[in-house]
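**Q** Provided herewith is a single structure, encoded as C-alpha cells, for subsequent inquiry.
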Amino acid sequence: MSDHLTSYDVIVIGGGHAGCEAAEASARMGARTALVTHHFATIGAMSCNPAIGGLGKGHLVREVDALDGLMGRVADAGGIQFRVLNRRKGPAVRGPRAQADRKLYAAAMQAAIRETANLTVVEGEADQLIVADGQITGLRLADGRPLACGAIVITTGTFLRGLIHLGEKTWPAGRVGEAPALGLSQSLEAIGFRLGRLKTGTPPRLDGTTIDWSAVEMQPGDDPPEPFSVLTQTITTPQIQCGITRTTTATHDVIRANVHRSPMYSGQIKSTGPRYCPSVEDKIVRFGDRDGHQIFLEPEGLDDTTVYPNGISTSLPEEVQLALLPTIPGLERVRMIRPGYAIEYDHVDPRELEPTLQTKRMRGLFLAGQINGTTGYEEAAAQGLVAGLNAALTAGGGEPIVFDRADGYVGVMIDDLVTRGITEPYRMFTSRAEYRLTLRADNADQRLTDKGIALGCVGGDRARFHRTKMDALEAARSLARSVTITPNEAAKYGLTLNRDGQRRSAFELMAYPEIGFSEVRGIWPELGTIGPAIAVHLEIDAKYDVYVRRQSEDVDAFRRDEGLVLGDIDYALVPGLSNEARAKLTAARPWTIGQAGRIDGMTPAALGILAAYLRREARRSKAMV
C-alpha cells in the first residue's frame, strides 16, 4: 500500500470481492489507486456463503486468475475443502469449487491488498460523486474529505440503501452489523440514473458443536485437492468434511403455518430475489410436492465452530427459524448463533453500461458487482477486474479493453448484462455460453493470459510461468502427433480401431472415449517425459479437438460481427431502419453489430442495413483522407 494522498488516478468504492479485484487491477496497471471502505478489517469479508467457485462460477475464478487477479490465489490460501463439481461429465461443464475458512480468506485478501504497490486504502464512507462537464472528477466522503480522481469504480454490493428484513422487523444496513450507503444512491439519482431494487438472503448460522454429525451424511473433498490458481503448486491448509441433511415434512409444516410472516409473502418485500438461490419458504411454496430439500452443512473455519446451512436461506421471524431447525435430521438440538435474514438494495440497470463497464451517462464512472444486478462473489470479482483495468486505462488516456463472448465467461456475463439487462439477480451458468467447448475452466490461462500480458496486467512471475507451461504443452502436442500406429499394431495393445490401414497418432487415439493418456503412454514410453499436469491438458485437447475446430468457424463468424463497431452512430441518420429498430438501437446503444443482433426483436434486415451503412461510412472516410 502507498502513503495517503488526496488525488488519485482511480478511486474504488467498496472493499468486497468486486472492489478488491478492481483496486488491485487498477494499481497493477500503474494507476495511483484508492480503495475507499468503511473499515480495513472488513476487506475480503464473505458476507454470505463461505465458498468460492462452482458450476460456471469456477470458470470465472479461473479467468480472474488467468488475468493475474486475486480471487483464485486467495481461495487457495483459505480453502478447507476443494471439489470439482460435475467431474463425471465433460471438462467443459466441470466446476472447481472450494469451501473456505472465512478468517483465512479475509486475511489472505487483506495481505494481498496491503502488499499492492500504488494502492492506498482510505477508511471512510463514500457520500457524493463530484462531477464537472459530464466527467467524474472526484469523490466526497461523508466526513467532508474530498478526493480528486480521473475515474471511479463503484462496487457497493448490498450496501446501496440496504434494508434488512427479519420477519416483520426491518432496519437499514449494508449487511448485518454494518451501516448502509445512503448518499451514493442520492448522488447517482442526481446524475440521472434510475435505481431499481433487488433482494437476496442468507440462512441462519449454527453452532457446529450442537449438531449431531452422526445423523447426517458426510461429504469429503477431492484428494488431492485441485487449486484454482495455476501458480498454486499444492494446497497446504488442513482439509475438512461437510455434512448433508434434508428438510422434512415437519419442516414444511412449520414454514407453511408461518409463510404469511415471511417478508416475501406478506408484501413487505416487493423486489426480486435470485431465481437459482431461493429462500426455503420459496422452495416450499413453489415445490410443494417435494418431501424434502437438500441442505449442506458447511463449517465456516478450522478454528470456528460456526456452520453455514446452505439451502435454508430465510427471512422468517427468529422464533419461526428456531422452531423449524429441530425438525431437520442432525439439528434436533442445534443452537442458532444468528438468524437468517433478507436484504434489499439499490441497483443500476446494466444496460446503462458499455462493455467496458463504464457508464454511458457519465464518463469516468464504472460499476461492478451487485450494483449491476448480479449475484455471487465470482460474478462480482470478474466484473471488478474488468472495471478496474478499464478505469486505469481511461484515467491514463488509453484505449479500453473489451472481453467478448468468445474470450471467456467474463465476456458472456458482461454482454448479457449490457445487452439484455436483468429482471432478477444474474447468476453465471455454463449454459449461458454458446462457445463452452472452448471456454473451459481448464484452459482459462491458455485463452486469456497472453491477452493480459499484452495489456500489461500480468506480472512477471505469472508471465514466465505461462510461457514455460505453453512451451511444454506445445512440445507435448508435437510429440503426441509425431508417434503413429496402424490398426493391426494397436490391436496388440488391446485397442480396437477401424481396420482401414490408416496410421493414427497418439493425439488422434486420445480422441476415442475409451483411450486416455495412460493408454497411449503404454504404447510409446517416450510420452512418459510429459509431466502429469501437461498430460491432463493434452488429453482434454485431444478429446475436444474435432469439436473445437468445428466451433472455431462459428467463433470466426461471431468475431466478424463483433469487429463492426457502431460507436456513437446517430441512428436517425441511418436510412432504411424501421422506427422500431431505430428506437431500440437508440435506447440500447450497442457497441458492435454483433451486440445489436442480441437485442430482443432486432431483425436480420436491420442488421444488414447497419452493416451497409458502416461500410459506406468507412469508404467515405477513406476517400476523404
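A Cβ is built for glycine as well, from the same backbone N, Cα and C atoms used for every other residue.
Reproduced below are the annotations present in Swiss-Prot:
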type: BINDING; residues: Gly14, Gly15, Gly16, His17, Ala18, Gly19; note: FAD binding site
type: BINDING; residues: 273-287; note: NAD(+) binding site
**Q** State which of the following binding-site residues has the fewest other Cβ atoms within 10 Å around its Cβ: Gly14, Gly16, Cys277, Ser279.
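**A** Looking at the binding-site residues Gly14, Gly16, Cys277, Ser279, the Cβ with the fewest others within 10 Å is that of Cys277.
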**Q** Select one residue from Ala18, Val285: among these binding-site residues, choose the one with the most other Cβ atoms within 10 Å of its Cβ.
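**A** When each Cβ's neighbours within 10 Å are tallied, Ala18 leads.
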**Q** Would you list, in sequence order, the residues of this chain other than Gly14, Gly15, Gly16, His17, Ala18, Gly19 that have their CB within 8 A of the centroid of the site's CB atoms, where the site is the one recorded for FAD?
**A** Val12, Cys20, Glu21, Ala22, Thr37, Ile43, Thr155, Thr156, Gly157, Gly369, Ala380, Gly384
**Q** What same-chain residues, at least 6 away in sequence, bring their CB to under 8 Å of the CB of Phe287 (NAD(+) binding site)?
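**A** In sequence order, the residues whose Cβ lies under 8 Å from that of Phe287 (NAD(+) binding site) (at least 6 apart) are His293.
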**Q** What number of additional C-beta atoms lies within 10 angstroms of the C-beta atom of His17 (FAD binding site)?
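**A** So the number of other Cβ atoms within 10 Å of His17 (FAD binding site) is 32.
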**Q** Using a 10 Å cut-off on Cβ-Cβ distances across all protein chains shown, tell me which of the binding-site residues (Arg275, Lys283) has the largest neighbour count.
**A** Lys283
**Q** Given the binding-site residues Gly19, Gly273, which one is most crowded in terms of C-beta atoms within 10 angstroms?
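**A** Per the Cβ count within 10 Å, the most buried is Gly19.
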**Q** Within 10 Å of the Cβ of Glu281 (NAD(+) binding site), how many other Cβ atoms can be counted across all chains shown?
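**A** Other Cβ atoms within 10 Å of Glu281 (NAD(+) binding site): 26.
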**Q** Validating a neighbour-count step here. Other CB atoms within 10 A of the CB of Gly15 (FAD binding site): how many?
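**A** Its Cβ shell of radius 10 Å holds 27 other Cβ atoms.
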